[in-house]
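Here's the structure, in structure tokens; my notes come after.
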Amino acid sequence: MKMVAYIVVLVLFSITSSLVFAYDPSPLQDICVADEKSDVLVNGFVCKDNKKVTAHDFFFEGLDKPGNTENKVGFNVTTVNVDQIPGLNTLGISLVRIDYALNGQNPPHTHPRGTEILTVIEGTLYVGFVLSNQNNNTLITKTLNKGDVFVFPIGLIHFQANIGHTPAVAIAALSSQNAGVITIANSVFGSMPPISDDILAKAFQVDKQIIMKMVAHIVVLVLFSITSSLVFAYDPSPLQDICVADDKSDVLVNGFVCKDNKEVTARDFFYYGLDKPGNTGNKNGFAVTTVNVDQIPGLNTLGISLVRIDYAPNGQNPPHTHPRGTEILTVIEGTLYVGFVLSNQNNNTLITKTLNKGDVFVFPIGLIHFQANIGHTPAVAIAALSSQNAGVITIADSVFGSMPPISDDILAKAFQVDKKVIDLLQAQFLVKP
Ligand SMILES: *[C@@H]1O[C@H](CO)[C@@H](O)[C@H](O)[C@H]1NC(C)=O
Ligand SMILES: *[C@@H]1O[C@H](CO)[C@@H](O)[C@H](O)[C@H]1NC(C)=O
């Protein structure tokens, strides 16, 4: 009987698994920290020996520091991708901080390999993206205030402009270890060698004189095409521009059925209130505010989502895993002690780090991890997950609080303790109806 109960639990797990969004990254090992010293060229980077891996390989500091926006367009992107955090290799996610001067803008650009999910930390932005020809190049725009969240689907041209009276700051995550950037003006009018002015004059239906002027005015800041040959092919690749989840459909698919594009509005890519703290008045003293496909239907098929985590003093986000997503986290306020545990194959090595404001850390997909507030004040983090619906399995609740319970015979043997100890644990975690 107890065995049967156990199997039912497994079956329930596999049923939810069959509804999983299969499109997210799925690395072939726990971790594959990029080996900067290797000459071997692969898709992404060669892995460093796990014996030489430390917490530093998953860490970046200084994301609380503004970038210098004193340039022609008045913006600055601080990138935290696999070049800054070698541990991101094969994990399909990265983070950026964007600073906007007064009247500054992040000019029209695309990320060839990543969907972007952005939250405003300070200021007011006017943002938008343009659907492809097939969808009549429809422009979708929105004004964003502090705590608002917006999505820019993979490969689509988009922009952000500071329309407030103060500098603005955003934190954004991208569904790739190296999403790439193609700034339209630079790519079209500033390529090296230049695209023939005959071709551009015809493409833009203007006089060649105008094209020559535009070419002269564009300064190529960075040559992004060089990085393109090192593409990470493992990231999401939707089959259309957008597939906004249709919450009225009864049809069950992997993810959600798409709503008719004619009914899509900017609201489908929007969420507000991420500046508001969650209620940490619970046993563990923490609260997660989730912004996934349930809150933003436009995230469907795009392989990314965002959370805000609040921690009371001494609060913790207890050991858990995300079955479908790698997490990249940055500390907005306070001090956290964080860690993750490698799998059996890697001797269950624990990798830990103390994080302060502006620090960034990575929790690879599926690995058990935790965060604890070790400061004297409440702490806040923003984290992105490489799935539209990464899932959470809290170890204590899943093992000792499943419904029906896992047999205490099985657990006593698994944990090599007396059945009484298991019963005590189960009494703590079984939800009383
Ligand atoms: C962005 O800011 C950093 C740090 O202040 C600076 O080194 C870099 O040159 C800036 N980039 C641009 C494009 O202005
Ligand atoms: C695009 O425009 C065509 C022609 O006006 C129209 O038939 C079609 O429904 C439009 N598609 C969308 C997605 O708006």
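Every residue, even glycine, has its Cβ placed from backbone N, Cα and C.
The Cβ of Glu327 (oxalate binding site) has Ile93, Val362, Phe363, His369, Ala383, Ala384, Leu385, Ser386, Ala390 as same-chain neighbours under 8 Å, each 6 or more residues away in sequence. What TrEMBL records for Asn317, His322, Glu327 is oxalate binding site.
Among the features that TrEMBL reports, Mn(2+) binding site is placed at His320, His322, Glu327, His369. All protein chains shown were included, and the count of other CB atoms within 10 Å of the CB of His320 (Mn(2+) binding site) stands at 19.
Residues within less than 8 Å, Cβ to Cβ, of Cys243 (disulfide bond) and separated from it by at least 6 positions along the same chain comprise Gly255, Phe256, Cys258, Asn300, Thr301. The disulfide bond annotation in TrEMBL covers Cys243-Cys258.
The domain 'Cupin type-1' annotation in TrEMBL covers 61-212 (among others).
Positions annotated as domain 'Cupin type-1' by TrEMBL: 272-423 (among others). Averaged across the domain 'Cupin type-1' (272-423), pLDDT in this predicted model comes to 92.
Annotation comment: TrEMBL describes 1-22 as signal peptide.
Sequence annotations record features per position, and here TrEMBL assigns transmembrane segment to 214-234.
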